[in-house]
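First up is the structure itself, then whatever we jot down about it.
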Amino acid sequence: MKQYLDLARHIMENGTLKSDRTGTGTKSIFGYQMFFDLKDGFPLLTTKKTFLKGIIHELLWFIKGDTNIKYLVDNNVGIWTDWPYKNYMNSSEYQGESIKEFSDKIRQSDEFAKKWGDLGPVYGSQWRNFNGVDQIEYIINTLKTNPDSRRMVLSAWNPAEIGQMMLPPCHTLIQFYVVDNKLSLQLYQRSGDVFLGIPFNIASYAVFLMMVAQVTGFELGSFVHTIGDAHIYTNHFDQINLQLTRTPRRLPILKINKSITRLEDFKYEDFELVGYDPYPPIKGVVAV
(Lines of atoms letter the chains of each structure in order from A; the text may use other names.)
(Lines give C-alpha, C1' and ligand atoms only; values in the text may rest on other atoms or scores of the structure.)
Protein backbone atom coordinates (compact mmCIF):
# COMPACT_ATOMS: atom_id res chain seq x y z
CA MET A 1 0.00 0.00 0.00
CA LYS A 2 1.30 3.39 -0.97
CA GLN A 3 0.18 4.95 2.33
CA TYR A 4 2.35 2.53 4.30
CA LEU A 5 5.39 2.93 2.06
CA ASP A 6 5.04 6.72 2.26
CA LEU A 7 5.15 6.46 6.06
CA ALA A 8 8.20 4.18 6.03
CA ARG A 9 10.03 6.40 3.54
CA HIS A 10 9.20 9.54 5.53
CA ILE A 11 10.66 8.04 8.70
CA MET A 12 13.81 6.78 6.98
CA GLU A 13 14.39 10.19 5.38
CA ASN A 14 13.25 12.52 8.16
CA GLY A 15 13.15 10.55 11.40
CA THR A 16 15.31 11.17 14.45
CA LEU A 17 17.47 8.49 16.03
CA LYS A 18 16.28 7.79 19.58
CA SER A 19 16.94 5.35 22.38
CA ASP A 20 14.02 3.27 23.61
CA ARG A 21 12.79 0.99 26.39
CA THR A 22 14.03 -2.19 24.67
CA GLY A 23 17.59 -0.92 24.18
CA THR A 24 17.39 -1.54 20.42
CA GLY A 25 17.18 2.05 19.21
CA THR A 26 14.75 3.57 16.71
CA LYS A 27 14.37 6.17 14.01
CA SER A 28 11.22 8.03 14.98
CA ILE A 29 8.76 10.77 14.03
CA PHE A 30 5.89 12.21 16.07
CA GLY A 31 2.43 12.63 14.58
CA TYR A 32 1.39 10.92 11.34
CA GLN A 33 -1.96 10.10 9.76
CA MET A 34 -3.06 7.68 7.03
CA PHE A 35 -6.46 7.25 5.34
CA PHE A 36 -7.84 4.01 3.89
CA ASP A 37 -11.12 3.97 1.96
CA LEU A 38 -12.35 0.39 2.30
CA LYS A 39 -14.13 0.53 -1.05
CA ASP A 40 -10.63 0.40 -2.58
CA GLY A 41 -10.05 -3.09 -1.15
CA PHE A 42 -8.90 -4.66 2.08
CA PRO A 43 -5.75 -2.85 3.33
CA LEU A 44 -3.46 -5.84 3.80
CA LEU A 45 0.17 -5.16 2.95
CA THR A 46 1.28 -6.59 -0.41
CA THR A 47 4.96 -5.58 -0.25
CA LYS A 48 5.48 -8.51 2.14
CA LYS A 49 3.22 -11.42 3.01
CA THR A 50 1.29 -10.57 6.16
CA PHE A 51 -0.04 -13.07 8.73
CA LEU A 52 -3.81 -12.55 8.40
CA LYS A 53 -4.57 -15.64 10.49
CA GLY A 54 -2.81 -14.04 13.44
CA ILE A 55 -4.56 -10.72 12.87
CA ILE A 56 -8.04 -12.26 12.87
CA HIS A 57 -7.44 -14.56 15.85
CA GLU A 58 -5.98 -11.67 17.85
CA LEU A 59 -9.04 -9.52 17.10
CA LEU A 60 -11.44 -12.33 18.06
CA TRP A 61 -9.40 -12.75 21.27
CA PHE A 62 -9.82 -9.04 22.06
CA ILE A 63 -13.57 -9.21 21.44
CA LYS A 64 -13.87 -12.23 23.75
CA GLY A 65 -12.36 -10.13 26.53
CA ASP A 66 -9.56 -12.68 26.87
CA THR A 67 -6.13 -11.74 28.18
CA ASN A 68 -4.47 -15.16 28.33
CA ILE A 69 -2.32 -16.29 25.40
CA LYS A 70 -3.69 -19.85 25.56
CA TYR A 71 -6.40 -19.17 22.97
CA LEU A 72 -3.77 -17.74 20.62
CA VAL A 73 -1.26 -20.54 21.26
CA ASP A 74 -3.98 -23.16 20.74
CA ASN A 75 -4.55 -21.60 17.30
CA ASN A 76 -0.82 -21.48 16.47
CA VAL A 77 -0.59 -17.71 16.85
CA GLY A 78 2.56 -16.68 18.71
CA ILE A 79 2.46 -12.89 18.38
CA TRP A 80 1.99 -12.33 22.14
CA THR A 81 4.13 -15.18 23.48
CA ASP A 82 7.41 -13.27 23.86
CA TRP A 83 6.24 -11.22 26.84
CA PRO A 84 4.98 -14.01 29.14
CA TYR A 85 7.94 -16.15 28.06
CA LYS A 86 10.32 -13.39 29.16
CA ASN A 87 8.46 -13.19 32.46
CA TYR A 88 8.76 -16.97 32.88
CA MET A 89 12.49 -16.89 32.07
CA ASN A 90 13.01 -14.47 34.95
CA SER A 91 11.27 -16.79 37.43
CA SER A 92 12.65 -19.51 39.68
CA GLU A 93 10.56 -22.09 37.78
CA TYR A 94 12.43 -21.58 34.51
CA GLN A 95 14.47 -24.67 33.60
CA GLY A 96 15.94 -23.64 30.27
CA GLU A 97 12.83 -24.25 28.16
CA SER A 98 12.82 -22.76 24.67
CA ILE A 99 9.95 -20.50 23.65
CA LYS A 100 8.52 -23.46 21.70
CA GLU A 101 8.65 -25.66 24.80
CA PHE A 102 7.03 -22.85 26.80
CA SER A 103 4.24 -22.65 24.20
CA ASP A 104 3.77 -26.42 24.37
CA LYS A 105 3.32 -26.18 28.15
CA ILE A 106 0.75 -23.40 27.69
CA ARG A 107 -1.10 -25.58 25.18
CA GLN A 108 -0.99 -28.77 27.23
CA SER A 109 -1.62 -27.52 30.76
CA ASP A 110 -4.49 -25.26 31.80
CA GLU A 111 -2.83 -24.80 35.19
CA PHE A 112 0.47 -23.69 33.62
CA ALA A 113 -1.39 -21.41 31.20
CA LYS A 114 -3.35 -19.82 34.03
CA LYS A 115 -0.15 -19.07 35.95
CA TRP A 116 2.15 -18.01 33.12
CA GLY A 117 -0.03 -17.15 30.13
CA ASP A 118 -1.97 -14.15 31.38
CA LEU A 119 -0.87 -10.72 30.20
CA GLY A 120 -2.74 -8.71 32.80
CA PRO A 121 -5.69 -6.38 32.01
CA VAL A 122 -4.70 -5.66 28.39
CA TYR A 123 -6.94 -4.90 25.40
CA GLY A 124 -9.68 -7.49 25.81
CA SER A 125 -10.12 -6.69 29.49
CA GLN A 126 -10.41 -2.96 28.84
CA TRP A 127 -12.71 -3.36 25.84
CA ARG A 128 -15.17 -5.53 27.75
CA ASN A 129 -14.69 -4.42 31.36
CA PHE A 130 -13.18 -0.94 31.75
CA ASN A 131 -13.88 -0.33 35.44
CA GLY A 132 -17.10 -2.30 34.99
CA VAL A 133 -18.09 -0.83 31.61
CA ASP A 134 -18.48 -3.05 28.53
CA GLN A 135 -17.32 -0.53 25.95
CA ILE A 136 -18.09 -2.77 22.97
CA GLU A 137 -21.70 -3.22 24.09
CA TYR A 138 -22.04 0.54 24.61
CA ILE A 139 -20.74 1.34 21.12
CA ILE A 140 -22.91 -1.25 19.37
CA ASN A 141 -26.00 0.00 21.21
CA THR A 142 -25.17 3.64 20.47
CA LEU A 143 -24.60 2.95 16.78
CA LYS A 144 -28.04 1.36 16.62
CA THR A 145 -29.87 4.06 18.59
CA ASN A 146 -27.91 7.31 18.18
CA PRO A 147 -25.41 7.03 15.30
CA ASP A 148 -24.70 10.78 15.29
CA SER A 149 -23.24 10.56 18.79
CA ARG A 150 -19.71 11.91 19.25
CA ARG A 151 -19.20 9.68 22.27
CA MET A 152 -18.62 6.37 20.48
CA VAL A 153 -15.12 6.01 21.88
CA LEU A 154 -13.34 2.80 22.85
CA SER A 155 -10.28 3.14 25.09
CA ALA A 156 -7.69 0.52 25.97
CA TRP A 157 -5.66 2.99 28.05
CA ASN A 158 -6.58 2.65 31.73
CA PRO A 159 -3.96 4.53 33.79
CA ALA A 160 -5.01 2.78 36.99
CA GLU A 161 -4.12 -0.63 35.52
CA ILE A 162 -1.15 0.12 33.25
CA GLY A 163 1.27 -1.20 35.88
CA GLN A 164 -0.49 -4.58 35.87
CA MET A 165 -0.05 -5.09 32.10
CA MET A 166 2.92 -6.92 30.59
CA LEU A 167 2.77 -4.47 27.69
CA PRO A 168 0.72 -1.26 27.91
CA PRO A 169 -1.61 -0.74 24.92
CA CYS A 170 0.05 0.66 21.81
CA HIS A 171 -3.22 1.15 19.91
CA THR A 172 -5.04 3.05 22.59
CA LEU A 173 -8.16 4.88 21.41
CA ILE A 174 -10.83 4.23 18.77
CA GLN A 175 -13.70 6.46 17.67
CA PHE A 176 -16.59 5.59 15.36
CA TYR A 177 -18.29 8.08 13.03
CA VAL A 178 -21.36 7.77 10.79
CA VAL A 179 -22.26 9.93 7.79
CA ASP A 180 -24.47 9.07 4.79
CA ASN A 181 -25.08 5.65 6.35
CA LYS A 182 -21.35 4.86 6.14
CA LEU A 183 -19.41 3.82 9.22
CA SER A 184 -15.83 5.01 9.67
CA LEU A 185 -13.30 4.32 12.39
CA GLN A 186 -10.34 6.36 13.59
CA LEU A 187 -7.55 4.79 15.64
CA TYR A 188 -5.11 6.75 17.77
CA GLN A 189 -1.97 4.70 18.30
CA ARG A 190 0.48 6.09 20.85
CA SER A 191 3.36 3.92 19.62
CA GLY A 192 3.79 2.19 16.28
CA ASP A 193 6.47 -0.33 15.27
CA VAL A 194 6.33 0.40 11.55
CA PHE A 195 7.90 -2.82 10.29
CA LEU A 196 6.20 -5.43 12.49
CA GLY A 197 3.26 -3.76 14.21
CA ILE A 198 1.69 -1.18 11.90
CA PRO A 199 0.81 -3.64 9.06
CA PHE A 200 -1.03 -5.76 11.66
CA ASN A 201 -2.81 -2.75 13.14
CA ILE A 202 -4.02 -1.44 9.77
CA ALA A 203 -5.52 -4.78 8.80
CA SER A 204 -6.88 -5.51 12.28
CA TYR A 205 -8.87 -2.31 12.61
CA ALA A 206 -10.08 -2.58 9.03
CA VAL A 207 -11.48 -6.03 9.92
CA PHE A 208 -12.98 -4.63 13.12
CA LEU A 209 -14.66 -1.84 11.15
CA MET A 210 -16.12 -4.38 8.72
CA MET A 211 -17.45 -6.52 11.56
CA VAL A 212 -19.04 -3.61 13.43
CA ALA A 213 -20.55 -2.21 10.23
CA GLN A 214 -22.14 -5.57 9.47
CA VAL A 215 -23.71 -6.12 12.89
CA THR A 216 -25.04 -2.54 13.05
CA GLY A 217 -26.31 -2.34 9.46
CA PHE A 218 -24.03 0.35 8.05
CA GLU A 219 -22.07 0.53 4.81
CA LEU A 220 -18.29 0.73 4.94
CA GLY A 221 -16.60 4.10 5.14
CA SER A 222 -12.94 4.79 5.90
CA PHE A 223 -10.30 3.72 8.37
CA VAL A 224 -8.24 6.66 9.66
CA HIS A 225 -4.97 5.71 11.34
CA THR A 226 -3.32 8.34 13.54
CA ILE A 227 0.05 7.49 15.10
CA GLY A 228 1.91 9.34 17.86
CA ASP A 229 5.45 7.92 17.99
CA ALA A 230 5.88 6.14 14.64
CA HIS A 231 9.22 4.39 14.62
CA ILE A 232 11.42 1.91 12.80
CA TYR A 233 13.78 -0.13 14.95
CA THR A 234 17.42 0.10 13.88
CA ASN A 235 17.54 -3.67 13.33
CA HIS A 236 14.68 -3.35 10.80
CA PHE A 237 16.31 -0.78 8.50
CA ASP A 238 17.39 -3.39 5.93
CA GLN A 239 13.93 -4.96 5.87
CA ILE A 240 12.23 -1.59 5.38
CA ASN A 241 14.65 -0.62 2.62
CA LEU A 242 13.87 -3.90 0.85
CA GLN A 243 10.15 -3.17 1.06
CA LEU A 244 10.71 0.29 -0.39
CA THR A 245 12.07 -1.36 -3.55
CA ARG A 246 8.79 -3.24 -4.08
CA THR A 247 5.85 -1.84 -6.01
CA PRO A 248 2.51 -2.31 -4.21
CA ARG A 249 0.13 -4.76 -5.85
CA ARG A 250 -3.65 -4.72 -6.12
CA LEU A 251 -5.36 -4.97 -2.73
CA PRO A 252 -7.23 -8.18 -1.92
CA ILE A 253 -10.86 -8.50 -0.88
CA LEU A 254 -11.90 -9.81 2.52
CA LYS A 255 -15.25 -11.60 2.54
CA ILE A 256 -17.05 -12.15 5.83
CA ASN A 257 -20.01 -14.36 6.67
CA LYS A 258 -23.06 -12.15 6.11
CA SER A 259 -25.26 -14.24 8.39
CA ILE A 260 -23.46 -13.10 11.56
CA THR A 261 -25.40 -10.48 13.53
CA ARG A 262 -23.41 -10.36 16.80
CA LEU A 263 -19.72 -9.54 17.16
CA GLU A 264 -19.29 -12.34 19.67
CA ASP A 265 -20.51 -14.94 17.15
CA PHE A 266 -17.73 -14.42 14.61
CA LYS A 267 -15.26 -17.29 14.18
CA TYR A 268 -12.05 -17.51 12.18
CA GLU A 269 -13.84 -19.60 9.54
CA ASP A 270 -16.21 -16.68 8.84
CA PHE A 271 -13.47 -14.78 6.97
CA GLU A 272 -12.19 -15.45 3.45
CA LEU A 273 -9.34 -13.55 1.80
CA VAL A 274 -9.63 -13.35 -2.00
CA GLY A 275 -7.06 -12.16 -4.53
CA TYR A 276 -4.09 -11.73 -2.19
CA ASP A 277 -0.84 -11.72 -4.20
CA PRO A 278 1.93 -10.46 -1.90
CA TYR A 279 5.69 -10.42 -2.25
CA PRO A 280 7.50 -13.01 -0.09
CA PRO A 281 7.57 -12.45 3.68
CA ILE A 282 10.39 -10.50 5.32
CA LYS A 283 11.45 -11.61 8.78
CA GLY A 284 12.34 -9.32 11.65
CA VAL A 285 12.93 -9.72 15.39
CA VAL A 286 10.39 -8.19 17.76
CA ALA A 287 11.77 -5.82 20.41
CA VAL A 288 10.46 -7.00 23.79
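Yeah, the Cβs are placed from backbone N, Cα and C, and that goes for glycine too.
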Among N141, N181, N201 - the residue Swiss-Prot places in the same dUMP site as R21, R150, R151, R190, S191, G192, D193, H231, I232, Y233: N201
Between C170 (active site, nucleophile) and H231 (dUMP binding site): CA-CA distance (Å): 12
Most Cβ neighbours inside 10 Å, all chains, among the binding-site residues R21, R151, H231: H231
For S191 (dUMP binding site): DSSP state (helix, strand, coil): strand
Surrounding CB atoms that lie within 10 Å of the CB of S191 (dUMP binding site), all protein chains: 19
